[in-house]
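Read the structure below first, then the notes.
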Amino acid sequence: MPSTAEKQRRILPFFQFTSLSTKDKFGILVQRDPRLAGLGVLGRGVLFSCFHEEHLKEATQLYEVLIECESFEEFLDLCHQAREYVNEGLYVYAVSVAILHRQDCRGVSLPPVQEVFPDKFVPSETLFKAFKEVRLHPDDEEIIVDIEKTGNVKDPEYNLAYYREDIGVNAHHWHWHLVYPATWRPEVVHRIKDRKGELFFYMHQQMCARYDSERLSNGMAPMVPFHNFHEPMEGYSSHLSSGINGMPYAFRPHGRILKDMREVSVQDLERSRERLLDAINLGYVVDPNGLETPLDELHGIDILGAIVESSNDSVNKSYYGSLHNWGHVIMSAVDDPDGRYQLNPGVMSDTATSLRDPIFYRWHRFIDDMFQEYKKSLTPYSSQLQFKGVIVKSVCVRAKTADVVETTFANALLDISHAFNFGRTGPVKVRYNHLTHEPFTYKIVVDNAGTKTRKATVRIFLGPEHDNLGNEFDIGRLRRLMIELDKFTTVLEPGENVIERDSIDSSVTIREQYTYRQLQDGRSNREQTEYCSCGWPNDLLVPKGNEHGMKFRLFVMLTDAVQGQVGDHGATGLCTDAVSYCGAKDQLYPDRYPMGFPFDRDIKADSIPEWLHPNMHFSEVTITHHQ
């Protein structure tokens, strides 16, 4: 049995120079395995989309075959064979899903997708500049080029480009859809994805809440949800070009409307929306046999999430359709819906690029509005909010200045040498800016009025205090803007307890991702690797704020951890980070409460003090941005 380090070394070449032939890289090509029959339908050079039903069908066939390989050597052989003729993007997607879910790949890390496909993250002008620089420098010299801007102030939405086009944010979205494939079939791979539909709802809801906080940080109004399938859309140009076919991602001029495609029509999407809203209002969904499944408090959001995406867990895909996925596809094809011009689709077609487009957030707020219709049907929390005998006395944030968190932009380097064969030994890198924040620590003083120790779950959220016009958000509007910062368990001794927690330890984020070169050097060869590397980038844990100091409400709540505990999460040492958005490997989601609790349901209170219980606390935090 090869070591983890050896497995890592042997897997990495599958992710290098993905558009090139690999016959001379892996040795003698064995005869094509019959299990790969039927693959290769999606041609090489075509942009793969894991939102497209036909693309997903072929990708699923490949990753299921790879997961079921009995040995690691057999797995490598099939990866080797498939790479010769399977579509480049589909291949990387399927192999990545397999690596994340094979038991004998535990401890093996995926190389960053931004190094595998930098053309999905870096403007084509920048890549062109890199290719020019290569000719001007010795082969062993490191080359660094600065990333080019993709717009200017003529477009107000460009103020948010730093966020929408952030490399870490887009990589997170790509990785999340690897961990939770829409076509996952537990009966085939013998593993259940617990609360997968609810995670789909919650992760994307949090993306929308975070995006609105960034808009407010820049003096912009919260986004207007997509709501009319026949309304002209705003324009967007990504300045990206595909490295596998040389053509740019289609841009969308201002004023375009959705058009019917061969695969799906606008009317199909409208019909799906109406049927989903009918189900929510009736309180149940109908399976193909006419049997009714109630959308109850315990499972309703999970059932609904599976239908909306739609995943293989949908109770009736033929009736309810695939609103979310086909929406992405049809929005990416507004300029060439029938393929007559043979254009690339727009960035909305790809999980690694779709967050760049402003319409992504409006589309997902539209999707979230349907989930919220369901949440409105549930009884607002009352006794569930209480944790009797536990009182949160004070909360503060310790940083350079108390209750003030500073943000700024920092430089980082992206190595593109493993995607493009520059014919040189020295690395070629792109320098880019990204938002970051100073490290900070929560200090929470809690009183346990009982005589025994108690196990508590600490839930921390953050939301903007005012809208772009200076009006204070009431609790009803604020709840949908609250972003989760952390969730962890602690033990409360009788009497006063001081809880301290560093921002770097957030349950939402990942600390670091190893580069391709670091993986080559054996930096990440540990059996107990972090499965949930789909976590949010820690640099973007908090919103940008502004130079004057933007006021936010920091919310801390303690709940009974024993009451909320599910399974034995953490016992394996796997996936102890980033569980809020990504769940836990081969385990139940480690929190019995609904995701987003207590802000996932309507709040029936006229003011924040009226809603609060002793185990809950709001305080004011200022986020100041320095250029």
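Sequential numbering from 1, following the chain as shown.
Glycine too: its Cβ is placed from the backbone N, Cα and C atoms.
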From the list CYS575, CYS582, Swiss-Prot names as the disulphide partner of CYS534 the residue CYS582
Cu cation 2 site partner of HIS324, HIS328 according to Swiss-Prot, chosen from HIS254, HIS364, is HIS364
Apart from the site residues HIS173, HIS177, HIS204, the 8 Å Cβ neighbourhood of the Cu cation 1 centroid comprises HIS172, TRP174, TRP176, MET203, MET207, THR351, SER354, LEU355
Here the Cα-Cα span from HIS324 (Cu cation 2 binding site) to HIS204 (Cu cation 1 binding site), rounded to a whole number of angstrom, reaches 11
When the disulfide-bonded residues CYS534, CYS582 are compared by other Cβ atoms within 10 Å, fewest goes to CYS534
Candidates HIS173, HIS177, HIS328, HIS364 (binding-site residues); nearest Cα to ASN312 (N-linked glycosylation site) turns out to be HIS177
The most crowded of the binding-site residues HIS173, HIS324, judged by neighbouring Cβ atoms within 10 Å of its own Cβ, is HIS324
Surrounding the recorded Cu cation 2 site, with Cβ no more than 8 Å from the Cβ centroid of HIS324, HIS328, HIS364 and those residues left out, we find PHE51, HIS204, LEU323, ASN325, GLY327, SER354, PHE360, TRP363, ILE367
Sequence-ordered list of residues in the chain of HIS204 (Cu cation 1 binding site) that lie 6 or more positions away and have a Cβ within less than 8 Å of its Cβ, or none, is HIS364, ILE367, ASP368
Densest Cβ environment (other Cβ within 10 Å) across the binding-site residues HIS177, HIS328, HIS364 belongs to HIS328
Here the recorded positions are ASN316, CYS534, CYS582, and the Cα closest to that of HIS173 (Cu cation 1 binding site) is found at CYS534
